[in-house]
Structure formats: structure tokens, C-alpha cells
Amino acid sequence: MVIGLLKTLVGSRNDRLLKQYRKVVAKVGTFEANLQTLDDAALAAKTDEFKSRLASGESLDSIAPEAFAVVREASVRVMKMRHFDAQLMGGLALHQGKIAEMGTGEGKTLTATLPVYLNALTGKGVHVVTVNDYLAQRDAEWMSTLYNFLGMKVGVNLSQMDHTTKKEAYAADITYGTNNEFGFDYLRDNMVQDLEQRVQRGLAYAIVDEVDSILIDEARTPLIISGQADDHTDLYIKINALPSHLELQIGEEKSDGTGVEKPGDYWVDEKSQQVYLTERGHDKAEEVLVQLGALDDGASLYAPQNITLMHHVYAALRAHTLYHRDQQYVVQNGEVIIVDEFTGRLMQGRRWSDGLHQAVEAKEGVAIQNENQTLATITFQNYFRMYGKLAGMTGTADTEAYEFKEIYNLETVVIPPNRISQRKDKQDQIYKSSRERYDAVIKDIEDCYQRGQPVLVGTTSIENSELIAGLLDKRKLPHQVLNAKQHAREAEIIAQAGRPKMITIATNMAGRGTDIVLGGNVGKQSSLIQVDEALSDLEKAAKIKSLQDEWQSIHDQVLTAGGLHIIGTERHESRRIDNQLRGRSGRQGDPGSSRFYLSLDDPLLRIFAGDRLRAVMERLKMPDGEPIEAGMVTRSIESAQRKVEGRNFDIRKQLLEYDDVANDQRKETYRLRNEVLESADIGELIANLREDVLRTICSIYVPLESMEEQWDLAGLEHALASEWGLKVDLQKWVEGSDSVDDVEIVDRVLEAAKESYDAKVDLSGRQSFAGFERSVLLYSVDTHWREHLAALDHLRQGIHLRGYAQKDPKQEYRREAFELYGELLNVIKNDVVKNIMTVEIRSASELDQAAESMNEDLAKLSDVQYQHADPDMEVAGSTGDRGAALDIQPAPVRSGPKIGRNDPCSCGSGKKYKNCCGALS
């Protein structure tokens, strides 16, 4: 009550921001009259003027009002579109590094041109991030006329582009591309063997379109570059037979032994999307695996040599119980193709990790492709936090405002619409069974069809969309299906979904990014007329006028019928996805309506509220086909959605807490790589590594501050000669000296090593040897880093078991990951020094060939795949330790001053930098 009173008196944070923006919008208006008097050349010259003012010390904020006015005037001249005041406010929010929530049809693409132009004036490059290649190319082509008029170059970064084209795209002032491609380019840039192979030029400012889809929905799906590992085809085929021999247990056994309705061999946790073997199931599985020839008689699944077998067993169980054809995946041309759970699109070329994809292939009887080895990986959370300034826009961000602030430090600003929506959102209708629900859906569609009202039916899976399509076929109702199986025409289909009597069935939010215009979109037809060389200008104008008049008549007809009607066949886990579906109707003040039809069989209701609602229906003796329709029930469903959203937020936050540990190590490894690439000569670095390694070797045989009786000079000589290729006659030297201490022995070894090194450099030439050293170091860093990623992955998958020992799994993961990284640095040091000390040089050309061979070995990327991992595999058993807290706060990654050798290490270990991650420097 007190908070509500304060908001009434002083306004909410959102109200206060909008008040500030309106003042700036008024300033933008003051420049308009003067700019209208300028010719095109003078208006375009404003770009150079702004750059000069910035170079003189002015800030972007000070020139923002005039720059926005210039963009608005240029847009009027070039594109015949003038930015509304609401779009100017959205542009200000984006410039300030906030998320602008703007409804469907409010012109987010045009809004982005304002902050994009302003920030591109710095010359550091602006990235505009979209969800797919089609939207990236469409928006870049659409807006490039405006940017080119103002003297800005536009690039498009698409998948499958060659290196030169990509580099040109990033060199442009403004670069459009997909979130995946920007992330993969970052990873690839940190795998190159030469500076010239990099394509990105820094991460200064990014605007993320459909920011909720990219930073929330896809935040649990890391980007992974992987290569194929060993072939286990026979094992997958054998273990695929196991699930059919096991029985499903109904109910989860509680600590007091209750909760099991029907005993079995495994049980499924639908909330966490995991499968677990029971005690009985372990014994049964061992017995069956022995029969299948996958396990030795008398051996245990828990034996160290069978750890990977256990991993295959769980992959097979998940494939059979949680992953279903035409829901999580489809089978096309003998391949298992993942279906995006958020958009319903096919994810060509993507594969689930940890053997799950192979288990599904074995289940479906298609060719099994090899498992993948991770070469590089990063989450969207950690990638996008590296930008100096990040902003986003979407029609549905407010429900996730807390997560945006908590994870990305992004504030959400709700921009008021240019025209108030007239859409009517009707109460949900809940039926006892799916059959009754679909009967009601078809009846509603039929009613709209008779009245000439267009309908958009939203489904959660391909299976459901095809079920509804089949029911409509039986009623002989014409319709179009938009799902992952045929998304090539999705933008065209969705653009025409507003025509009279049009029935469109869409999987989730397929076609997002394209407006549904009531009466249909005549833009494409108009553009075809414009490029028809057989027509004169007068004929073109007449045809376009006729087309627009016809459209206006159809538009009025649809308005009279009630606008676009939205039908939801199921509630999604997130209220935001439901709001996205509803938001397709009522654009720019158009009328419209929406209704969700639910059944007690829906997963959301079954898990959270099904039993209670079923009891109410039975108590009221409701006849078949009679729905429950009440505000209280709708609120109850939204409450269930909040629980799921909260749980999903916990999972994403937990993934980030784990990934932050790996991210610190990734940054340090990439920093070392870049230092090696950017240095003209790494001789000093190699000398430091050599000294560090040899001092450690000497201390084993000749301990520090030790007596001569404790020395093992013969052992040291043998170790140096056999392992490090260094012959030093220490015993004779000590016998011939009056007094020698341990320090002098170490100095003698270091001097001998330097003489051997200098002789190799003299023989090959400094330039050739420097190239060889660089190749050796990069080869060692890259190969061992890949092994380290696999080690971290295995550590993460089993770390939840530490909870049973009353230990915090996250703290244990952090501690052990740090120890693993320390081991990695030592292995790299020893590997590099050993390779350089033991190499036998006969000529410079031989050395060049060796370096070239190593570079080629690292660059063999023909079998590399770019994919999202299955988010559920990322934190094994994550629900069990969600409450445990990690004592580090996720921090934005920023470039800063160089860390001093005696400063605390950035990885959080508490050690000095020189004794931790800086050991290689």
C-alpha cells in the first residue's frame, strides 16, 4: 500500500524515465524545421560534422537530439517513413543501454536506426543482433538505404560466409547478424593461428532484437564448436535395446519409503527433465547389459572402467522416455533433426551433446554419427556481457525484467504505444480432455471463418499443429500450416495471415519479426510492379493505386469482422510466450481478440493443478464438452507459470554461476593466446617458461638450501638428458670445484640450456625459430585447452553428488576447476619447453615445415560442427543443489588496465597473479 502511494505521488521508475525522454524528444523537434531546409548533400554532411564534434570532446549524449533529428529527416526523404515520438523514446532507451519494450507493429526495426547511427559515429562498430539469417538480411537491406544516405557502411554477417566477406562485414560501421554467428565468430577468432585470420574488431555496442528470445530463452544453451570423437556405434545399438527391458516406476520414493504407486526400474522427473534408475533398476540393467554383451559377467556398472557405460545407459533412457518424434525432433532423410522448443523451427546441423543425439539416432534406427569433442564453448550470457554497451528490444520483456537486471544489469523500459491496442483477451476455457478441447478450437475457427475473420492458431509442437490441420481437412476448411517442417516461406505466410477467412496454424512463435497486417501485406506485390520493366511509370502508379484501393476494401472488411483472432491451444511454461502469441493481434490500435483453450491433460496443468481442477469438475458433475471459464482459474494457471518461470530462472542463474568459473579461465587462456599472436617475438616468454620448468626439475634432485649429501646429481643428469635433451656434466664439475651450493647448480643448468637454445637459434635464424616457438605454444595451448574443457564438463556432471557429503557443489566445482586449471598451466609449460629443448634442427626450412604442420593440424576443421548443447545436460542434477550459493557475483567482462604480477589474480583464487593464471606470462 505504501509503495503504491509513493508511486502515485512520485511516479514509478518507468514513468520518471519516460518523463526524461519526452524532454529530449521535444529537443529533437526543435531541429526539425532547420533540417528540412537543407539539401540532401548538406543533410548527409551532418555525419562528418558529428564525428568532428565527438573528436573535439563532445559526448554522444550531447549530440543525441540533433543526431536523432537528422535520422528522422533522412528517413522521411529516403524511406517515406517518419519516426513517431514513441520510437524516439525507444531509441533513447536503446542508446542508454536499456531494453525497450515496444508492442507488435510499433516499428522496432525503424526505432533501432536512431541509436545505431548515433553510436556508429564513434567508429568502433555497432552490432545489430537478430534471431535468424532471414531477418538479418531483410533488416540490413531495408535500412541500408537510410544508412548509406548518411554515409554509413552496412555489413551483413551470415552463416556460411567466407572469411573475406565476414571481415568486410565487421569492418563496416554497422553489422547485422544472428546471435549464433556473432558468438561463433568470437570463438573462431580465438582459435586462429594468425592475426589476419580474425574477423571481429572489438565488441563496443550491440542492440539485440527479440532480446527475450536470445538472452532468456536461449541462455541455457551454450554455443559449442566441436569435432568428432571416437566411434561407439556398436555400443549405442546394444544399449538401445536396454530401455525395453526396464519398467517405469510410478511415483518418486520419498525419504520415509513412501510415494511409490507402482514399483519399477526407473522413474522420470518431468520437472527437471531427468531419468533415474532405481536400486532394482541398477541390478536389472546390469543383468540385461551382460546378456547384450555390453558388460562383462560379474562386473558392476559403478566400476571405474564402466563409468562411460553408465553415461550411455542414461542417454538411452532419456532418448526413449523424454525425447519424442515430431515434438523434440523430426526424422528427415535418415537424420535426426532437433526442433527448437521456443520457435518450433528445425535446427539443421545442431546436435545434442553427451551422447544423447546418438542415443536418439539408435532409437530411430538411422545412421549413428560419432560423438563430438568440444573445441570451444561460451554461453550467450557471458558473450553478450563482454560488450561495452548492450541494449535490446522486444514486445515482451516486462515479465522478465528482474532477470534482465540480475543477470545482464539491463533495465527494462516499457515504451507507451503510438496507438492504444483494441484487442480483447478472453478468459481461458479448460476442458476435461484434449478431444473436447480440440472440438471447441475447431468450432471457434469455423465460426470465425463464416464471419470472414482471420485466425492465427498457436500450437506448442509440430504434432499438435498437424493434428489441428487434419481436423480442419475433415471439415474442408482451407488453412496454411507454418511449422518447422516448412519454414522457408514463413515470413510470406505470416504476412498474409491477416486476410479475410485466412486460417493460419503456427508452431509457437514461428514467423516472429514479421507483422500481420489486417487485409494482408501488399508490399511484395507493389515491389514486383516497381521492378517490372514492361510497364511505364504511369502504368506502375495506376497498378499500385488499384492494389492499395483493393487492400483498403479488404482491410475494412477484416476490421468489421473483429480483426485478427488468436487461438492458443495450450499454455506455455512462460507467460511471456503466451503474451507474444496474443501480441500478434491488435497492432497499431487495430481491433482483435484472443483466447486459450486448455485441457487437464496439458503438462502445465497436469503437473501443477490438474488434480484439483479435475476434482472440481467431477464435483460439479460437468457434462462432456462443458468448460471451466473463470478468472480465478486463469489466475491459478498464471501462478503455476510463475513457478515454472522462477524455476527456469534458477536453472539459468545456476548455469551462469558454473560458467563464470570456466569463463574466468577462458578469458585468461584467450588473453595468453592473443598475447602470443600479437607479439613479434616471444623469446622472452619462452625463456621465462624454460627457467621456471628447469628450476622445478632441479629442485626435485637438488632441494633448495640442501646439503651436498642430499643431492642426486646422477639422477638430475639422467633426467635432463633423457627427458629434456640437455647434457650437463654436473658431477665432474662439482668434484673439480672447492665449494658449490644448490643455487650455483641451478645456474649451471640454466646456462647450459640457454647455450643449447642459442645454438638452435643461430642454426635456423631468429625469424624462423620465433615462428616455430609461436606454433609450438599455440598448438600446446589449444590441444590442452580442449582436453581441459572435457575435464570441466565431466567434473560438472558429477559435482552435484558432493551435496550428499554436506558440501556445497558450486564451491567444490570452483575449487576443483581452479586446481584443474593450475594443472593445465603446468602441462602447457612442460609441453612447450620440452618440445623446444628436444627439437633437433638441421635447417631453417625443416623448422618452417614443422611449424606449418602444427598449424595445419590445428586448422583441420572439416568435421567441425557449430551447435547448441542440450540445456538440461549442462548442470547435471541441478535441481538438487539450487539453494547453494556461490560467493562470487557475475561481473560484466570489460577490457581494463593490465594486471600487475603482484596484484590479486582476476580468477578469484586469492593468489597473486604471477603465482596463478599469470604463471605463463
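Each residue, glycine too, has its Cβ placed from N, Cα and C.
The ATP binding site feature in Swiss-Prot is assigned to GLN87, GLY105, GLU106, GLY107, LYS108, THR109, ASP515; the stated evidence is sequence analysis. Summarising the environment of ASP515 (ATP binding site), the number of other Cβ atoms within 10 Å of its Cβ, over all protein chains shown, is 18.
Feature annotation from Swiss-Prot assigns region 'Disordered' to 872-901.
What Swiss-Prot lists as Zn(2+) binding site is CYS905, CYS907, CYS916, CYS917, and the listing cites sequence analysis.
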Hey, what's the Cβ neighbour count for LYS108 (ATP binding site) at 10 Å? 24
By the count of other Cβ atoms within 10 Å, pick out the sparsest of the binding-site residues GLY105, GLY107. GLY107
Counting only residues outside GLN87, GLY105, GLU106, GLY107, LYS108, THR109, ASP515 in the same chain, those with C-beta within 8 angstroms of the ATP site's C-beta centroid are MET102, THR104, LEU110, THR111
Over all pairs in GLN87, GLY105, GLU106, GLY107, LYS108, THR109, ASP515, the listed ATP binding residues, work out the largest Cα-Cα distance in Å. 17
